[in-house]
Every structure is written in structure tokens, then in C-alpha cells.
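S.K.: Next up is a structure, given as C-alpha cells.
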Amino acid sequence: MSEGQKFDTVSSYIWSDEDNDEILETIDNDEPKEEAPTDRPSWANKIEYLLAQVGFSVGLSTIWRFPYLCFHNGGGSFLIIYMLMLFLVGVPLLFLEMAAGQRMRQGSIGVWKVISPWIGGVGYTSFMVCCIVGLYYSVLMAWSLFYLGQSFQSPLPWSKCPLLRNSSDFDPECERTTPTTYFWYRNILKATDQVEVGGLPVMHLSVSLFMTWLIICISMIKGPKSTGKMLYVSVLLPYFILFCLLIRSLMLEGAHFGLKNLLAAKVRSLYSVEVWRRTGNQLFLSMGPGFGSFTAISSYRPRSNNCVMDAFVVAFLNLTASLTATVFVFAIMGHLATENNEKCYLRNAETVLYLIAAGVLPAEARPPDSMYHDPSSIYSGWLKSLPKQIKDTVLPYMTNCNIAHELMEVMEGPGVAIVAFTNITSEFSGSTFWAIIIFLLLASLGLSTMMGIMQGIVTPLQDTFSSLRKYTNLLTVGVCVPMFLGSLIFVTPSGSYYVNLLDDYWVSLPIFFIVILENIAMAWIYGARRFLADLIIMLGRPISPIYRWLWCFLSPFVLLVLFVSTLLHLFLKTITYLAWDSSISNEVIRIYPSWAKVLLIVLITITILPIPAYFLYTLIGVDFRVSMIHSGATVIFKPEAKENSLKSYPRLQYLVDGDC
């Protein structure tokens with residue numbers, strides 16, 4: 001091996017189309033396999049490791065956002081696009097992050113410095129994204145915890161409107177809307193009418209947020225040992241609950257109507273760039289590549305672990321949870337739409353009876369008494385049986401009842417999960433029990449995802465400052481306390497609008513930027529062939545060459561399209577939010593003020609700034625005396641270390657015919 005190759009800590013062979021077996025044997029002989037550091041903790045077993053990966057991947061957005069996007073983006077067409085992107089783009093990128101963490105035995109910061117110091121800042125950007133997302137994601141879990149605490153009451157506090165103080169009358173603001181919507185905005189959020197109106201943190205949400213961070217801190221206080229035990233509950237319990245809810249929802253009247261809408265694919269959605277953009281956003285926000293959490297979690301596994309199969313297992317379970325939650329939500333929405341449509345029929349029947357009693361309509365227009373027992377089947381038959389002259393007289397007094405319109409109405413609103421689930425718990429017999437089950441599900445999903453996000457923060461800190469590994473308890477507390485204090489801004493009366501701002505408009509761009517650079521660094525700088533060779537040796541089994549083509553061509557193309565379309569969407573379209581208008585007791589769409597877009601630009605700039613900053617840092621530390629060595633179709637650029645520099649940097653390699 002030449003002198004120039006010795007400082008590259010990972011095998012630095014450049015692949016050609018020669019016999020792979022001979023090259024693998026050469027690499028195996030030249031590169032000693034590194035053993036895992038003895039002081040690095042590890043997962044107790046493979047099950048705990050997989051639970052950690054699945055728990056991070058299957059989060060609140062699986063239930064919170066997936067069914068809503070599915071309904072508004074073509075139903076079955078959305079599912080087709082999602083599954084295509086999941087297995088052609090999501091799985092390869094998931095495998096890439098898992099394999100990188102497992103191969104280097106480091107968190108996101110250390111991994112990308114080893115692979116290529118020129119993009120070493122990617123790890124710092126992932127770290128910052130985890131910090132900011134952790135601030136507002138913990139609030140989603142706090143909402144679920146508060147609802148869970150309120151569920152231990154009978155009747156449920158959101159089942160009816162509250163009375164005015166010292167009066168027997170209901171609150172008029174609540175009577176103009178539904179009790180569940182009123183409870184969400186006025187009791188839970190204490191929401192203001194506009195994002196500009198501030199205020200101090202809401203006390204009950206602050207307490208719930210404190211409990212959230214206390215649970216997270218206790219779960220992670222001992223590192224993987226304590227986290228692994230908690231994951232048995234926080235990951236397995238939601239799957240069991242989801243299965244029970246699915247069975248219960250399929251037994252509801254009208255569930256088939258919701259499922260029919262789910263399976264109805266709208267062909268035009270397959271050709272919509274906007275639908276593909278939203279699907280891509282959901283895929284990456286749901287799966288979680290780019291956060292560095294997969295890399296961190298995988299770094300605690302032996303190098304021989306089969307991360308190829310792990311990537312498929314995590315993706316499959318993520319898809320299973322998403323589809324189960326979607327079937328459950330659509331069945332519930334179909335039931336609610338059917339109920340609301342039947343109420344519309346009965347209101348029309350009562351209107352006709354009143355007008356007959358008033359002498360406005362003839363007695364022949366009287367609806368049959370059996371309508372009150374089965375309005376869905378009798379109403380249409382009754383209207384059709386009316387003589388044309390009487391029907392023309394009756395129709396102007398009646399409301400048009402349309403079950404498709406009712407389904408659209410129930411699918412609107414602030415997070416289908418929260419308001420829709422509180423709606424349906426009131427419909428179930430034993431509503432208190434089902435409310436506890438549902439919000440226990442949401443709280444468990446939030447906890448497992450938050451533990452994954454925290455791994456993306458704690459692990460890089462311990463790898464960067466190795467002395468912190470001896471003080472895992474203090475480090476965990478030292479991270480959780482400032483995170484709790486920072487997240488208090490999101491439990492102010494206007495805090496939910498800031499959550500929507502970051503979740504809808506900010507997080508996608510840095511995530512796409514991170515994953516694009518990770519993909520390019522691995523496929524084109526380090527080399528996809530070279531990386532696959534490392535993995536074949538590391539795992540001791542062959543790996544399909546299809547990953548090389550996916551990493552080199554398909555994934556970068558899809559990611560660039562998603563990044564550009566998201567960027568255009570942010571800067572060319574008006575950014576809006578769903579706000580509560582107390583004067584009319586209804587939700588209205590408002591435009592974020594101009595400073596909100598400035599805030600987004602500042603946050604995006606701050607999060608991606610470590611990437612160019614670390615590139616300049618590396619550039620300053622190296623005399624860029626580039627020697628170009630022409631060997632066949634290969635050109636190698638070798639930045640040489642300064643004479644007095646104690647640190648050598650791996651070579652930046654490019655291949656004219658593609659290192660892919």
C-alpha cells in the first residue's frame with residue numbers, strides 16, 4: 001500500500017470492473033478489521049435495537065399526518081406513490097445511514113468526518129435539526145399526555161359544552177362549534193386568534209411538558225440499557241393498541257364508506273408534482289433519515305449485524321403502522337360522515353313535519369315514521385315516492401344531504417388525530433376506556449420517537465467529547481433541562497401556530513439538504529462500490545448491486561427534485577396557518593406575518609451553516625496543493641497536510657467514469 005493511502009482510516013481502493021472476488025480478497029488482506037471499542041455501550045440484544053429503530057421511525061406523524069395527506073392527495077394514488085418512494089428511495093437511504101453508523105461505530109458528527117472531512121459539517125447540521133425538532137415534537141407528546149390525564153373522567157370533558165359561571169346556560173362560543181373543537185382550542189391550547197398575540201406559557205401544558213421531559217430523561221438516563229427496557233413498552237404497546245382500534249373501527253356503521261374512499265385511486269394525482277412533493281415530505285418526516293438518529297442507534301451494534309435486513313424490517317413496520325392507522329382513521333371518518341348524514345336526513349324530516357303542521361306543505365309530504373329507525377335507507381325512497389309537484393314544493397325547504405361532503409368536513413381540521421379521535425371516543429360505548437387507550441397510543445408513539453431524537457443529540461456529544469461517556473446521567477439531565485426550557489415557547493397561547501410553522505415549512509428543507517449531501521458523499525466521494533465492498537467484508541455476505549445504482553442515480557435525482565420543489569413552494573407561495581377565530585367560533589385560514597418567513601430563512605440558514613463552515617475549516621487546515629494523477633480514466637485529487645499539522649485528512653477522490 002502506498003504512503004499516500006496509509007492515512008486514510010477506511011479502505012481507499014478505487015473500484016474498476018475487474019473480478020470482484022479478487023478485489024475483495026485484496027481489500028480483506030490489506031485492511032485490518034477494526035474491533036469495536038471496549039468502552040462503547042451496546043444494545044442488550046437485537047430486539048431492543050430494532051425496537052429503537054422502529055420506535056424512532058413510527059412516530060406521531062404516522063397517525064397525525066398520514067391519513068390526512070392520503071385523503072387530500074388522491075387516496076389510493078397517494079399510497080401507490082408512497083410505497084414506490086419508500087422501497088426505491090427510503091430503504092436505500094435508511095440502509096446507508098444504518099450501515100454508516102454500524103461501520104464507523106460513531107454518531108452523525110463523527111461518521112461524516114471520517115467519510116469525507118469536506119462535508120463533516122453534515123453531522124453538526126443533523127445535530128441542530130434534532131435539537132430544534134425535539135423542542136416542538138415534545139409539545140405534541142405533551143398534548144397527548146394532557147388528553148390522557150383528562151380521559152380518566154366520566155363523562156369525558158370534551159363530550160359536551162361547559163356551562164357559564166353562575167348560570168345554567170352553555171357557553172355560547174362552544175355552542176357555535178362542536179364541544180371537541182372548543183375543548184381543543186379553548187381548554188387545551190388557550191389559543192389566541194392570531195400568531196402575533198403572545199402570552200406566558202399555559203400552566204397545565206407547562207406541567208404536562210415537564211412530565212414529558214421527565215419521562216424522556218428517566219428513559220435515557222442509563223444510555224441504551226435503560227432505553228432498551230422502556231422500548232418494550234413504548235413501541236410494542238402502540239402496535240397492540242392499533243390492532244385493537246382497527247378491529248373496533250371496522251365494526252362501526254359506515255366504516256365501509258370511509259374505506260371505499262381510501263381505496264379509490266385518483267389517476268390524475270399520479271401526475272401531480274405537488275402530490276409527489278407532499279408524499280416525499282411525509283416519507284422523510286415519517287421515516288426520519290437525515291436526523292442522524294439511525295446512525296446513532298446503529299453505532300451501538302456489532303459491525304457484523306445484518307443492517308440490510310434491518311432497513312427492510314424498519315421500512316415494512318413503518319408502512320404497516322401507517323396503513324393500519326389510515327384504515328382505522330378512514331373507518332372512523334366514514335362512521336362520523338354517515339352519522340352526520342343521517343342527522344341531516346332527520347333534520348329535513350323534522351322541517352317537513354313542522355311545515356305540514358303550519359299548513360305550508362300538504363299532508364301527503366309527511367315522511368314515514370320508520371325513517372327514525374333507518375334514515376339512510378328510507379330517506380331516498382321516501383323522496384323518490386313523492387309526486388313531482390309535491391317534491392318540487394318540498395325541496396326548497398330542505399338541506400342537501402351529501403355523505404361525500406360530510407366526509408370532507410370531518411377530515412378537515414387541526415390534526416385529524418386529536419379532534420377526530422376525541423369525537424369518536426364520545427361515540428363509543430365505554431368512551432372513557434377508549435379515550436385512555438387512544439391517548440396512551442399517541443403518548444407512546446411520541447415517547448419512542450423522542451428517544452430516537454435524543455439519541456441523535458446525546459450520541460454525537462459523547463463521541464465528540466469522549467469524557468462525557470463516563471457521565472451519561474449528568475449529560476442526559478444536562479440536555480433535557482435546557483430542552484424543556486426551550487420548548488416552553490411552544491406552550492404559549494400562540495405556541496401551536498409556531499409548531500405548525502416549523503413542522504409545515506421549516507423541517508423539510510434542512511432534512512432534504514442533509515440527505516442529499518449524505519447520499520453524494522457516500523456514492524460519489526467515498527464511492528458506492530467501495531462502500532459496498534466494505535459492507536460485504538463487514539457483514540460477510542453478498543449485497544445486491546442494485547443499491548449502487550439507487551444511491552448513485554435514482555436517490556440523488558428524487559432528492560434534488562423534492563428539495564427544489566419544496567424550496568419553490570416555500571418562497572413562491574403564501575405561508576398560512578389554521579387559526580381559531582373566537583368571534584365566530586370557527587377555524588379560519590390566516591396568512592403568517594412577513595417576519596415569520598424571515599424567521600424561517602434564519603432558522604434554515606443557521607441549521608445548514610455548519611456545512612460550509614466546516615468545509616472552510618478543513619480547507620484552511622490543508623495546503624490545497626493538488627496533484628493530478630492520470631491513470632486510465634481515473635483522476636485523483638490529493639490535498640496534502642501541512643508540514644506542521646498533526647492531523648491528516650482523507651483524500652477527496654473523484655472518478656471521471658464514476659466511482660459509482
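Using N, Cα and C of the backbone, Cβ positions are placed for all residues, glycine too.
Heads up, TrEMBL stuff is auto-annotated, nobody curated it.
What TrEMBL records for Gly55, Val58, Ser286, Asn318, Leu445 is Na(+) binding site. Per TrEMBL, the feature transmembrane segment maps to 49-67, 79-100, 121-148, 202-221, 230-251, 283-300, 312-333, 433-453, 474-499, 505-528, 549-572, 598-620.
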S.K.: Does Gly55 (Na(+) binding site) have same-chain partners at least 6 apart in sequence with Cβ under 8 Å from its own Cβ, and which are they?
M.R.: Leu231, Ser234, Val235, Ser448, Thr449, Met451, Gly452
S.K.: Using a Cβ cut-off under 8 Å, which residues of the same chain at least 6 positions beyond either end of the transmembrane segment (474-499) come close to it?
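M.R.: Sequence-remote neighbours of the transmembrane segment (474-499) are 131, 134-136, 138-140, 142, 189-192, 194-202, 205-206, 209-210, 213, 216-217, 220-221, 414, 454, 457-458, 461-462, 468, 577, 579.
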S.K.: Can you say which of 49-67, 121-148, 505-528 has the most Cβ pairs under 8 Å with the transmembrane segment (598-620)?
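M.R.: Highest pair count goes to 121-148.
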S.K.: Neighbourhood of the Na(+) site (Gly55, Val58, Ser286, Asn318, Leu445): other residues with Cβ within 8 Å of the Cβ centroid, in order?
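M.R.: Same chain, not in Gly55, Val58, Ser286, Asn318, Leu445, Cβ within 8 Å: Val54, Phe56, Ser57, Gly59, Ser61, Thr62, Leu317, Ala321, Ser448, Thr449.
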S.K.: Let me spell it out: take the transmembrane segment (283-300), skip the flanking residues so only those 6+ beyond its ends count, and list any with a Cβ under 8 Å from a Cβ in it.
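M.R.: Those are 40-43, 49, 52-53, 56-59, 61-62, 65-66, 82, 85-86, 89-90, 93-94, 97-102, 104-109, 111, 123, 126-127, 129-130, 133, 224, 307, 310, 314-315, 318, 322, 449, 452-453, 455-456, 458-460, 463, 507-508, 510-512, 514-515, 518, 562, in sequence order.
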S.K.: Rank 79-100, 121-148, 230-251, 433-453, 505-528 by Cβ pairs under 8 Å to the transmembrane segment (202-221) and hand me the top one.
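M.R.: Stretch with maximum Cβ contacts: 121-148.
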S.K.: Can you say which of 79-100, 121-148, 312-333 has the most Cβ pairs under 8 Å with the transmembrane segment (49-67)?
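M.R.: Between the stretches 79-100, 121-148, 312-333, 312-333 has the largest tally.
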S.K.: Would you say the transmembrane segment (121-148) and the transmembrane segment (312-333) are in contact under the rule of three or more C-beta pairs closer than 8 Å, pairs 6 or more apart in sequence?
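M.R.: Touching, no - the transmembrane segment (312-333) and the transmembrane segment (121-148) miss the threshold of 3 or more Cβ pairs under 8 Å.
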S.K.: Between the transmembrane segment (433-453) and the transmembrane segment (79-100), are there at least three Cβ pairs closer than 8 Å, leaving out pairs fewer than 6 positions apart?
M.R.: no
S.K.: Non-local Cβ contacts of Ser286 (Na(+) binding site) (under 8 Å, 6 or more apart, same chain)?
M.R.: Ser57, Val58, Gly59, Ser61, Thr62, Arg65, Phe66, Asn318, Ser322
S.K.: Thinking of Cβ pairs under 8 Å, which stretch from 79-100, 230-251, 505-528, 549-572 has the most of them with the transmembrane segment (121-148)?
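M.R.: Maximum Cβ contact count belongs to 505-528.
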S.K.: When you scan the chain for residues with a C-beta under 8 Å from the transmembrane segment (505-528), skipping those not six or more beyond its ends, what do you find?
M.R.: 10, 14-15, 93, 96-97, 100, 112, 115-116, 118-119, 122, 125-126, 129, 132-133, 281, 284-285, 289-291, 547-548, 551-552, 555-556, 559-560, 562-563, 566-567, 570, 575, 600, 603-604, 607-608, 611, 652-655, 658-660
